[in-house]
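Input: a single structure, listed below in structure tokens.
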Amino acid sequence: MIHRVSFYGKTTWFTKQHLIDWFLCLGIFVIESVLFNFVIPPFKRYEPESNISTNTFQLVQYPLLPDIVPVWLLMLIALGLPMVVFIGYYIKNRNSHDFHHAALGLFQAFTITMLFTDILKVSAGRYRPDYGARVATGIEAVIREGRVSFPSGHSSVSFCGMTFLSFYLCGKTKVFLKDGGNILKALVCLCPFMISALVAVSRTVDYHHDFSDILAGSVIGLSIGVFVYFMNFNSLFSKECSLPKNRINPHYARDGLLSAEYQSLSISSSL
């Protein structure tokens, strides 16, 4: 039996800065959730008093329907699904370094995405397509939700989590290296994008967003997912693409530990 040598046992990678990152992300998430949901009201746009036949107001007269993808399911997709993959990979390889950076990176991406999305939502104050039906309910919380259409939070959050997961899979399958990938690897790596695209499109089907809302949200989530992934993992085009970064020893891949890390982070070539 070949003994797997974990990189975690070879060198130190965890620093005080990682703890600071965790607490900062948690603090930012809590503060922005309170501020933009309970303290800061959305920008109040002009509402025609009587002439609801204007082109602008005709666009917000769609029926009020339940979410096709409720918030709990969105969180399960954007955060739960990647975590299942990270945990499964940890169980297989026993690499704490990789698991920590994957979990931290996902939380960082989620926090930054929520911050950007909520700031833009209250700043734009755009009416949802079902705003008229929300006003008819007379419920203040429902009406308020009708004024935060741009950008789509479902789109930004789903693309954030799925982009991070897709890049994680690309790194582990080494799909961009010189020897190339295959159709199965490509499908595995691209599957998260299809999931996030379906979540985004569902927001137009239930009349909670326009296409411009979901497009903006998708760009935000995708951009932040890519940005944060490369904060924590190496380039997908390098030989170290499957490895997490190391703040204590940035050049650990050149210091004789790379073979041990590769052995710890190996993935089946049968994909």
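Cβ atoms are placed via backbone N, Cα and C, with glycine included.
Only residues 6 or more beyond the boundaries of the transmembrane segment (23-43), in the same chain, are considered here, and those with a CB under 8 A from a CB of the stretch are 104, 107-108, 110-111, 114-115, 118-119, 121-125, 144, 147-148. Among the features that Swiss-Prot reports, transmembrane segment is placed at 23-43 (among others).
Long-range contacts of the transmembrane segment (68-88) within its own chain (CB-CB distance under 8 A, at least 6 residues past either end) are made by residues 99, 102-103, 106, 110, 154, 157-158, 160-162, 164-165, 168-169, 192, 195-196, 199, 202-203, 205-206. Annotated transmembrane segment per Swiss-Prot: 68-88 (among others), in sequence order.
For the transmembrane segment (102-122), same-chain residues at least 6 beyond its ends with a Cβ under 8 Å from one of its own Cβ atoms are 18, 21-22, 25, 28-29, 32-33, 35-37, 40-43, 78-79, 82-83, 86, 89, 148-151, 153, 156-157, 160-161, 163-164, 168, 216-217, 220-221, 224-225, 227-229, 231-233, 244. Per Swiss-Prot, transmembrane segment is recorded for 102-122 (among others), and the stated evidence type is sequence analysis.
Feature annotation from Swiss-Prot assigns transmembrane segment to 150-170 (among others).
As annotated by Swiss-Prot, transmembrane segment applies to 181-201 (among others).
The transmembrane segment annotation in Swiss-Prot covers 211-231 (among others) and is backed by sequence analysis.
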